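Undergrad: Let me begin by handing over the structure; questions about it come next.
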């Protein structure tokens, strides 16, 4: 009854203003009502929380619309709140109440869609296994990864539980039954499964019964819900993070080898919050709350908004859930988005989120085209030929076979409705791929539906990610090879071509390269936190996939690209490191990964992007993931919850808002120097990298402080060195820091003076070394 008593002032106040919204003609829409942290560490019971939320709704929704008095999702464990249908006026009314942090429309978020682990240096020997892949690691700590995505395909061999032991006793989750999915679908590897989608859920909607305030009734929703993956995205990401060893894995003959996740012996819990492309923010928020309650260690989310629609942190379901997860010792790893290469496109940029960019590995998929003049050109693409024979067909430019002369420019890009299907049939079509609004998948479908025999795309800029066209012949070329194709077509009376199935090319150099699609920093919400944090393999990744009924040949594995694939690489690496260092906090592991990241490619030169320019920290964060080095970082920079609480103050949230948000410290006071919004102070929180949004040339020296924690030798002295841009004066004080027995933490200051620096962002690295460790701290300073 304590919770009901606590909300009684809210309910009483809301009753007084029912008349203000009793009649309006607005269409109710789903809104999330976020109410901050729970009143106690264990949270409210589900029954009390739902009843309280229903009573709040009944106080503001007119009686003639009582059917809207229902809660789609109720949050009551790590944070409080609910999702319900509200009009704009009702939402505004709730948002104005002092006990509510924010009310915002339920957003629709998007999915950010083997050899990679060897490329990262984490080969099979590091798992201390026998030839039968039996786990023999010294640590008995079972790491649990919660994957919030499109569900899972439990029959995949990547989720076999043959070599894992009993389910950890601390696991409190469930295996929800649904369509074509029962409790036997879970096992010792896939230990939990939940689903939430409003459109296809098999859960219940709780509604307030008529003439009652003391009990609830359960209304069944549509009976076709299931944790089963219908899109493949969730299966793919889960297996990248923690898939079991699968020998002889291949995608129709491509990329053959041993498939495995970064932590093959970690447990997986799946939370289906997405359908085939769309993810409801309220469902993601519920999934995070459940995952924390269930007992996961790491939450992996390859989902996010477009950078165009980014909102304040307290209006962002992933940021809200991740903050409260961090309070409970659970880290949330997220993809940074696929809207590169432009700056200011990175998403999921809250400091308590581990934000991941995408890069290539030393493998590419080569698709060869032989022209009728016997010129052979090597492009990229993934396609296979079920018949085993490649045939020669007429070659035609899309812009020359338009449905109507006025559509020439559209036909150049294979836009829907622009091509004459009769002239397309039986030919290989050549189209341009410089219009970002038309995806390669759509171009392929346009010509395939018109019964073409293949597709060749020509790009002005080289693309890093190979397109998978399945059994439809496909190849993609840059502008140089593309020019040869165009010249041949224009100079030949009867141009012909043959597209051969793709081949895997290994040990490609240089690698890694920043993926062209990977979203870039700086972060728009605050440039005083460097984002993305890290980069990881996200191009041409082989992993588990759902069977494709539309293909003539179906495979249990697939090859995909995106920061969606990079994210679970980091989740799996964190689980691997946690299994070796079970006493390390996940903030320490995050720091270890960042400060040991690789900053050179396999040519021992600085990492580059697809334009062959040096990659900046706004593209790669601290560098490329290196899980083996992260096992022994020497020093870590642990970002505490107090740092995050101060961040909220510096960002501009009022102290009473912060007190609602934080748990355990309801009497929390913002620092005195944060009485007004001072975003520049964000640079001072103990983050493993440094970012300064604005350093004026004439403002003098700006200093930031960091605290290093020794996790290496108990007696060690570290000396600093600096690699920075010309003109920017960077100093570290003291230049050496010493750890002796009993001293685990030492602080130091870094000063920046931009009076001689070039304007714009200046990047560099501070390295601490004791002779055996190199601890790298990347910095980004914007000089104005």
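Note that Cβ sites are derived from N, Cα and C of the backbone, with glycine treated the same way.
No curator has checked TrEMBL annotations; they are predicted automatically.
Pulled the feature table from TrEMBL, pasting it below:
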ACT_SITE  149  active site, charge relay system
ACT_SITE  233  active site, charge relay system
ACT_SITE  564  active site, charge relay system
DOMAIN    31-112  domain 'Inhibitor I9'
DOMAIN    685-781  domain 'Subtilisin-like protease fibronectin type-III'
REGION    206-234  region 'Disordered'
Undergrad: Per DSSP, how many helix, strand and coil residues does the domain 'Subtilisin-like protease fibronectin type-III' (685-781) have?
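TA: Secondary-structure breakdown of the domain 'Subtilisin-like protease fibronectin type-III' (685-781): 0 helix, 60 strand, 37 coil.
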Undergrad: What counts of helix, strand and coil residues does DSSP assign across the domain 'Inhibitor I9' (31-112)?
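TA: Reading the DSSP string over the domain 'Inhibitor I9' (31-112) gives 29 helix, 23 strand, 30 coil.
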Undergrad: Distance between residue 564 (active site, charge relay system) and residue 233 (active site, charge relay system) at the Cα atoms, whole Å?
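TA: It is 8 Å, counting Cα to Cα.
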Undergrad: Within 10 angstroms of the C-beta of residue 149 (active site, charge relay system), what count of other C-beta atoms is obtained when all protein chains are considered?
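TA: There are 31 such Cβ atoms around residue 149 (active site, charge relay system).
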Undergrad: I'm checking region-level scores; what's the whole-number mean pLDDT for the domain 'Inhibitor I9' (31-112)?
TA: 85
Undergrad: Just how many other Cβ atoms lie inside 10 Å of the Cβ on residue 233 (active site, charge relay system)?
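TA: Taking all protein chains shown, residue 233 (active site, charge relay system) has 27 Cβ neighbours within 10 Å.
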Undergrad: Note down the number of other Cβ atoms within 10 Å of the Cβ of residue 564 (active site, charge relay system), including every protein chain shown.
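TA: The answer is 30 other Cβ atoms.
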Undergrad: In whole Å, how far does the CA atom of residue 149 (active site, charge relay system) lie from that of residue 233 (active site, charge relay system)?
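TA: Residue 149 (active site, charge relay system) and residue 233 (active site, charge relay system) have their Cα atoms 7 Å apart.
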